[in-house]
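**Q** Handing you this structure, nothing more for now.
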Amino acid sequence: MSAPGYPFAVIPADVVSAGDYARHAEAMLDPRVWAYLDGGAGDEITLRENLAAFEALKMTPRVLADVSGGHTRLTLAGEALAHPFILAPVGWQKLFHPQGELASAQAAGVMQAPLAVSCMATETVEAIAGQGGPVWFQIYMQATRAATEALVRRAEAAGCRALLVTVDAPIGGIRNRAQRVGFSLPLGMVAANLPAEGAPPPLKAGASAVFDGMMRAAPGWADIEWLTRLTRLPVFVKGILHADDAERALSAGAAGIVVSNHGGRVLDTAPAAINALPAIAARLNGAAPILFDSGVRRGSDAFKAIALGADAVMIGRPYIWALSVAGALGVAHLLRTLREELEITMALMGCRTLTDIRQASICHA
Ligand code: FNR
């Protein structure tokens, strides 16, 4: 199972949207890698629902509005951004392209889109940050606080501007599609920022692999409090679907949250993330920035998420499709395409700024 290489020196002529990259990526990638990338948990009900929920949201255009001088700028956690698209943390990027995260980082630099480097990245955070683009770092709480702190210090020293702590996957989802085709990480594919893992201690007879194994040392809210006190970087808690948890994250010192169901990859039949967003936004009532991911495929999806309370959106699979097909060039092209789609949607909806989007007419129809 090897990364596809450089099949296209240029972007294929028929690629004009994220979905076009998906089609090409599926044709190019090893079917097992595709199953890992594209698949979700269980029967993939949440995965499908993430997309269906965006489709079900309808926008009523506003005509003859003056949108001259409009723009997509925003300030997020003290940082000025030209547009509200962020590259979500996606692990193991050398599965998809030989340059892996370095290519994504180059595109992030060109398009000034923060790249959230996954804890499971196949390149070091120093090398990724060295590509010049804005870089964040995503953390899974490690087995010990010392190991987590070492990661945080490394991300800080590398110049990462924010941390995401992912809390919705303390244990792997039931990825049946990837299991059916026998996906496993190829030999030599290592997490470049983590120490080599020893074998887990054997379980006692009759013990549960879940409760006595993986979940035994799983993090809790006290660990999030500890983390937010440990660093001066803004910490976003990623993987929130319940308004109570959103509030709790802020009480634990988070700078913001990411409303996400991990792209439908963890708990099947969790609600579509976009359907969970309005209640969370209403509860936080502007107290902290809300990032959103899971199902964004179009600039119009970003528009809908912002209308329903997000400040910015992250994309996961779409940029990995683009990375697989055309490396850094593909990712930069995809970001530009999404940004243009958002701008056109704003113009047709009579919105000059992202703030105007909050007043837009969005409804289930
Ligand atoms: C992910 N995601 C993820 N999230 C995270 O916090 N750390 C990680 O290492 C990964 N790895 C990862 C690998 C792959 C192949 C995918 C598809 C996703 C989840 C990711 O950050 C994001 O939440 C979703 O991808 C968003 O949904 P969409 O945009 O893929 O629909």
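Placed from the backbone N, Cα and C atoms, the Cβ positions cover glycine too.
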**Q** If TrEMBL gives TYR140, ARG175, SER260, HIS262, ARG265 as binding glyoxylate, which of TYR36, TYR319 does it give for that site as well?
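**A** Checking TYR36, TYR319 against TrEMBL: the glyoxylate site match is TYR36.
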**Q** Work through the binding-site residues one by one (TYR140, ARG175, SER260, HIS262, ARG265) and name whichever has its CA nearest to the CA of GLY316 (FMN binding site).
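**A** Ranked by Cα distance from GLY316 (FMN binding site), first place goes to HIS262.
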**Q** Please report how many Å separate the Cα atom of ARG175 (glyoxylate binding site) from that of SER294 (FMN binding site), as a whole number.
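**A** That separation, Cα to Cα, works out to 17 Å.
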**Q** What does the structure give for the C-alpha distance between TYR36 (glyoxylate binding site) and GLY91 (FMN binding site)? Integer Å is fine.
**A** 11
**Q** Cα-Cα separation of GLY91 (FMN binding site) and TYR140 (glyoxylate binding site), in Å?
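**A** GLY91 (FMN binding site) and TYR140 (glyoxylate binding site) have their Cα atoms 12 Å apart.
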**Q** By the count of other Cβ atoms within 10 Å, pick out the sparsest of the binding-site residues TYR36, TYR140.
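**A** Fewest other Cβ atoms within 10 Å, among the binding-site residues TYR36, TYR140, is found for TYR140.
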**Q** Among PRO89, GLY91, GLY316, all listed as binding-site residues, which has the most CB atoms within 10 Å of its CB?
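**A** Most Cβ neighbours within 10 Å: PRO89.
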